[in-house]
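As recorded in TrEMBL, the features of this protein are as follows:
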DOMAIN    4-187  domain 'Thiamine phosphate synthase/TenI'
BINDING   Q36, L37, R38, E39, K40, N68, S107, K136  4-amino-2-methyl-5-(diphosphooxymethyl)pyrimidine binding site
BINDING   D69, D88  Mg(2+) binding site
Amino acid sequence: MNQLYLVTDSAISQQAGHSLPFVVAEACRAGVRWIQLREKQLSTRAFIELGLELKQITQHYGAKLIINDRIDVALAIDADGVHIGQDDMPFTMVRSLIGPDKLIGLSINNEAELQATRHWHVDYLGIATIFPTGTKQDTASILGIDGLQRICAQTRLPAFAIGGIKASNIQAVMQSGVTGVAVVSAICGQPSPYEASRELIHLLSQPL
Ligand code: TZP
Ligand code: MG
């Protein structure tokens, strides 16, 4: 399985002329197998309806559907897991609510946050923020490739780098030892999410 992870953004998709289900379907058709539904503005009802629609698409392609922040929504739609950050519900509470079988991804920004994960059953890490990005306003400090490398060297957990990653820098990111990369605008904001995904997957498949 390739290690490209799409994190969704409805506004960026719409600016590029796409609905979110279209973006997700095109990314899955191109081979993306990790989809995170990340919606900060939607009502609970709309979030659930969108989640159920995306679940049909991801199931069709055998892709994982992960829900950002909302443990209740992940449980309600029987998603594959949740993705949480440092300001969300504490990890051990999420694990006890969601059970041992669902995936939990945790965002970290530094070595101290990595150390805190040692005794938890984390399924994968999101390592943020690698490069400056216009997609998220409240990003923590910029790690760069060096910072990413330092964190990757200290963990055996699967880890996805996020923040400002695109075709022109994806190979440099992979050389840091990270498992995969997560992108928003490099797929959602492109004229063809299918072609953009194909290109990123192709670059990921090249020898480092
Ligand atoms: N978390 C850290 S940076 C980021 C998130 C969700 C946004 C990344 O967006 P892009 O468009 O891939 O730079
Ligand atoms: Mg969060």
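The first residue you see is number 1, and the count goes up from there.
Using N, Cα and C of the backbone, Cβ positions are placed for all residues, glycine too.
Positions of TrEMBL features highlighted on the structure.
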residue	record	Cβ neighbours (10 Å)
Q36	4-amino-2-methyl-5-(diphosphooxymethyl)pyrimidine binding site	23
L37	4-amino-2-methyl-5-(diphosphooxymethyl)pyrimidine binding site	29
R38	4-amino-2-methyl-5-(diphosphooxymethyl)pyrimidine binding site	19
E39	4-amino-2-methyl-5-(diphosphooxymethyl)pyrimidine binding site	20
K40	4-amino-2-methyl-5-(diphosphooxymethyl)pyrimidine binding site	11
N68	4-amino-2-methyl-5-(diphosphooxymethyl)pyrimidine binding site	21
D69	Mg(2+) binding site	19
D88	Mg(2+) binding site	17
S107	4-amino-2-methyl-5-(diphosphooxymethyl)pyrimidine binding site	21
K136	4-amino-2-methyl-5-(diphosphooxymethyl)pyrimidine binding site	17
Conformational class of K40 (4-amino-2-methyl-5-(diphosphooxymethyl)pyrimidine binding site) under the three-state DSSP mapping: coil
Between the Cα atoms of K136 (4-amino-2-methyl-5-(diphosphooxymethyl)pyrimidine binding site) and D88 (Mg(2+) binding site), what distance do you get, rounded to the nearest Å? 16
In angstrom units, rounded to an integer, how far apart are the Cα atoms of R38 (4-amino-2-methyl-5-(diphosphooxymethyl)pyrimidine binding site) and D69 (Mg(2+) binding site)? 8
Given Q36, D69, D88 as the binding-site residues, which ones have a Cβ positioned under 6 Å from some atom of ligand 2? D69, D88
E39 (4-amino-2-methyl-5-(diphosphooxymethyl)pyrimidine binding site) sits from D88 (Mg(2+) binding site) (Cα to Cα, rounded, in Å) at a distance of 14
Largest C-alpha distance in Å for the 4-amino-2-methyl-5-(diphosphooxymethyl)pyrimidine site residues Q36, L37, R38, E39, K40, N68, S107, K136, as a whole number, is 16
